[in-house]
């Protein structure tokens with residue numbers, strides 16, 4: 001999400017197998033290929049490298065299992081590059097951090113769901129814009145090599161590039177694609193993100209050059225994010241209107257069609273209120289009517305430290321888990 005509030009949260013929340021009940025939408029066969037939630041926690045905290053369990057946390061496999069049981073088949077798993085690679089992007093791994101990340105990914109894929117590996121770094125490393133496409137390609141060749149034999153793993157080049165040279169964003173995404181394929185990861189999809197926080201509502205104006213990306217395996221997915229508050233930052237539980245969800249993805253939908261691409265909403269959310277429920281439902285229904293270009297969507301976000309966060313999808317009592325999941329269930 002645009003506002004990096006995840007870095008400041010440290011309220012603990014448990015997990016269980018309880019599920020919410022509420023006024024439901026009619027269940028139907030899923031029209032999306034992938035539909036699920038983000039799994040946040042390993043990117044929390046401002047201390048680098050920080051202490052596991054104090055500054056950051058890894059997602060709870062039992063909570064992931066609960067969401068899989070509800071029908072989710074996709075989880076975007078956040079991590080911080082500086083914790084995985086404390087010395088340099090091309091350096092050695094912190095083995096404990098890598099092992100914990102792999103445990104989460106394995107929990108997802110062992111449950112038959114897809115895991116999207118998400119370096120949640122905003123196009124930056126140690127606070128500086130990533131400028132070396134060579135180093136970025138090596139980073140991705142090394143990381144993809146860890147998971148190249150798991151067909152249920154997918155790769156997200158980086159979270160929410162912003163305030164960067166547009167050609168650099170294009171070239172970093174291409175370097176990531178090249179590195180992933182060089183690792184021998186040829187079966188997995190690669191999710192590319194754009195500049196300006198990869199917003200769907202600004203995509204056409206900002207990220208048109210992204211259509212020039214190439215992949216020898218033809219498995220590029222254009223990941224966009226879309227929040228429904230006034231500034232699109234995802235910091236308010238108030239949605240602009242009941243129709244704002246559909247409105248904010250309409251132009252991007254046409255861009256995907258015009259350029260013969262496929263897309264995915266990697267982050268979206270709205271408050272647990274009537275206006276947002278209608279706005280979220282309207283966006284998803286519009287996407288469901290355009291599945292020739294939309295592969296699916298993932299809610300922001302589940303994770304064990306969200307506490308009473310306005311968009312928490314963490315079982316058993318996250319605000320969105322109890323207040324919004326019935327809206328999403330129509331698409332699971």
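Every residue, even glycine, has its Cβ placed from backbone N, Cα and C.
Per Swiss-Prot, the features are as follows:
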- 1-18: signal peptide (SIGNAL)
- 38: N-linked glycosylation site (CARBOHYD)
- 100: N-linked glycosylation site (CARBOHYD)
- 160: active site, proton donor (ACT_SITE)
- 212: N-linked glycosylation site (CARBOHYD)
- 267: active site, nucleophile (ACT_SITE)
- 289: N-linked glycosylation site (CARBOHYD)
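Among the recorded positions 100, 160, 212, 267, 289, the ones whose Cα sits within 10 Å of the Cα of residue 38 (N-linked glycosylation site) are 267, in sequence order. Between the alpha carbons (Cα) of the residue listed as 'active site, nucleophile' and the residue listed as 'active site, proton donor' lies a span of roughly 10 Å. When the glycosylation sites 38, 100, 212 are compared by the number of other CB atoms within 10 angstroms of each CB, 212 has the fewest. Residue 212 (N-linked glycosylation site) sits 19 Å from the residue listed as 'active site, proton donor', taking the C-alpha atoms as the reference points. In this view, residue 267 (active site, nucleophile) is surrounded by 27 other Cβ atoms within 10 Å of its Cβ, with every protein chain counted. Note on the recorded positions 160, 289: the fewest other CB atoms within 10 A surround the CB of 289.
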